[in-house]
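Colleague: After the structure tokens below, expect a handful of questions from me.
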Amino acid sequence: MIRRPIQNSSAVSRHLTSPISLFSRFLFSSSSENNTHEPIVSNRNPKSPFGSPTRVQKLIASQSDPLLAKEIFDYASQHPSFRHSQSSHLVLILKLGRSRHFNLIDDVLAKHRSSGYPVTGELFTYLIKVYAEAELPEKAFKTFYKMIEFNFTPQPKHLNRILEVLVSHRGYLQKALELFKSARLHGVMPNTRTYNVLMRAFCLNDDLSIAYKLFGKMLERDVVPDVESYRILIQGFCRKGQVNGAMELLEDMLNKGFVPDRLSYTTLLNSLCRKTQLREAYKLLCRMKLKGCNPDIVHYNTMILGFCRQGRAMDARKVLEDMSSNGFPPDSVSYRTLIGGLCGQGMFEEGKKYLQEMISNGGDTRLVDAGIIALGSYLSSKRQLKRMNVRERRRFWILFMAMRLPFPSTHRRIPTLPSLASFTPRRRNVAMASAKRSPKRLKYSTPRFTKEGEFVSIEVDPSGADSWKLEPVIELLKQGAVGVIPTDTVYAIVCDCKNHSAVERLRRIKKIESSKPLSILCRSLRDIDTYTMGFPRGDGHGHANVFRAVKQCLPGPYTFILTASKELPKQCVGYGTTSVKYASRKNVGVRISDDAVCQAILEAMDAPLICTSVKGPKENEWMIDPTIIGDIYGPEGLDFLVDGGVRVAEPSTIVDMTGPYPKVIREGKGPILPWMVVEEEDESSLRQDLIASGT
């Protein structure tokens, strides 16, 4: 059942068990057992009626209500012979901070100071963590000077964490720079990470000159830069379109013995291709292996896309051949881009040749679909059809319809495609090809999105003041596009939940299995009631009514797992799978984002958006820079990106509402509230894949 929150500490004694009775049950429960048992702690204080400080610390830590924990702490402090341990202070600060009782934290700090314990860095680490989770940059800023007030010299790790909290809010960049300058006056020497935090923040804020000055100060003060330092500046120069400056940094990096990482090369290759400096980009690709960094498939795909954009599909074909010779088999993006480039230049026979090569390299239906879509989209584009006469137009349409025939159930490969000359322009052939498609398949088919332009990137104000810029993005989403938008946690890859082909493209881009369910972004609680069975409303059999509590959390950084209704398309929840793991699963994660840009997009849509977080190469690592997201996922098939500035790398808190009580599956940006139950590790490991990925 839901515990009603108690607003002040005086009300605790009226609504809850008194602290003295809790002490009695906790401290004397072991004494009633066999006296031969060993005591729980060895340092019991005989003068204190409460036992040892360790036992009191365990009692405080076991309380789910922070106000009750605070009253127990105060009650024990009143005894003159009792002295709390440092762990009690740390646990209580963390509990009060996560429940947003910040006025009580100052009281705990004062008692810690008067207790005579030496002040340690761990205490302030907890305090900074509390203010970071609560998004209170001003209090985090004042924590630095509170350390000095406690006669404690801050460590570089404290300075770096405070700076990270400040730069995550655009209005505190100058305060972060002010703190950086005053840190040296108080004996805190900034390290490499300190400079990296500030340089990244100013690069993302388009203050490249300040970031470059910080890099110069870094070298003057004998602080050795690392690979991340150079990568931040390289990305900053590329973001401003100054590719030559980025190349100079790369040369300086190589001369000093650093080995650039793959992300730096990806950013440079993408910028050179966009600046049509394809010769320099290809030279850089060839130099990567000589400089100790082997190119991967993302680098090759970037070059193929660059050549195809400039109408040099034959050069892109050479890059594809280099991929195979260097041990990187081309993927669907490689073939799709090359086939589209060849067809765009009128080399349809070459495009058909590479389509056959796709089929021969394993016969993956996803690869074949990608090649057919690319070839068919260029054959059907208005620009190409206007250049053909009627006979050629019919011939190409017959070729396209022949390739769209469904595969036989026993074989995944289609027969060898005939040459264009063997076709005769008969209308009945087209009718026969379309008639062979299953009526059920036609019933659930949706129009596929045809990408006619280049990758669309729109920069908007995070406050949503210029939401009129989002109109092209909304039109693309309604047509079946897949793109990236900001949320109140991290960036998310989204698409229309009712467009089957868009959902499949999203799964392919993110490499999510078709059997795993996805999350949805909703506009309001009405959407949640429409596409799920809703939140538990309570009944007379002991089930709590959590709907009122949930309403206080939304919009917010929470993902609630609910049972899906029949209104939600089946491809969103993984129906019909034969896997035992997902055989009976019909749950979906729902979110209502507290982000102005995300809400503006959702308000213009007719249905919720499928969403999945934009993760980095490592586990539990999220991409927060929209420029990097575009460089990595743009060649993978994204259609647009909404740049809403940098985001803090904190995902949403996932709560499972399908059981008898709300269980926290993953702790994230949203604080854990008293009515939520934290799962044990052995239980939560069984539910890690309740949703494919949460934002």
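For all residues, glycine too, the Cβ spot is worked out from N, Cα and C.
TrEMBL does not curate its annotations; it predicts them automatically.
The following feature annotations were taken from TrEMBL:
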REGION    33-53  region 'Disordered'
REPEAT    120-154  repeat 'PPR'
REPEAT    191-225  repeat 'PPR'
REPEAT    226-260  repeat 'PPR'
REPEAT    261-295  repeat 'PPR'
REPEAT    296-330  repeat 'PPR'
REPEAT    331-365  repeat 'PPR'
DOMAIN    467-670  domain 'YrdC-like'
Colleague: If we skip the immediate neighbours and take only residues 6+ beyond the ends of the repeat 'PPR' (296-330), which ones have a Cβ under 8 Å from one of its Cβ atoms?
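Modeller: Residues 262, 265-266, 269-270, 272-274, 276, 278, 281-282, 285, 288-289, 337-338, 340-342, 344-345, 347, 350, 354, 361, 454, 631-632, 635-636 contact the repeat 'PPR' (296-330) from elsewhere in the chain.
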Colleague: Can you tell me the mean pLDDT for the domain 'YrdC-like' (467-670)?
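Modeller: Taking every residue in the domain 'YrdC-like' (467-670) and averaging pLDDT yields 83.
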Colleague: Six or more residues out from either end of the repeat 'PPR' (261-295), which same-chain residues have a Cβ under 8 Å from its Cβ atoms?
Modeller: 227, 230-231, 234-235, 238, 241, 243, 246-247, 250, 254, 302-303, 305-307, 309-310, 312, 315, 319, 326, 328, 627-628, 630-632, 634
Colleague: The repeat 'PPR' (226-260): which same-chain residues, six or more beyond its ends, come within Cβ distance under 8 Å?
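Modeller: That would be 192, 195-196, 199-200, 203, 206, 208, 211-212, 215, 218, 267-268, 270-272, 275, 277, 280, 291-293, 625, 627-628.
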Colleague: Would you list the DSSP helix, strand and coil counts for the residues of the repeat 'PPR' (261-295)?
Modeller: 26 helix, 0 strand, 9 coil
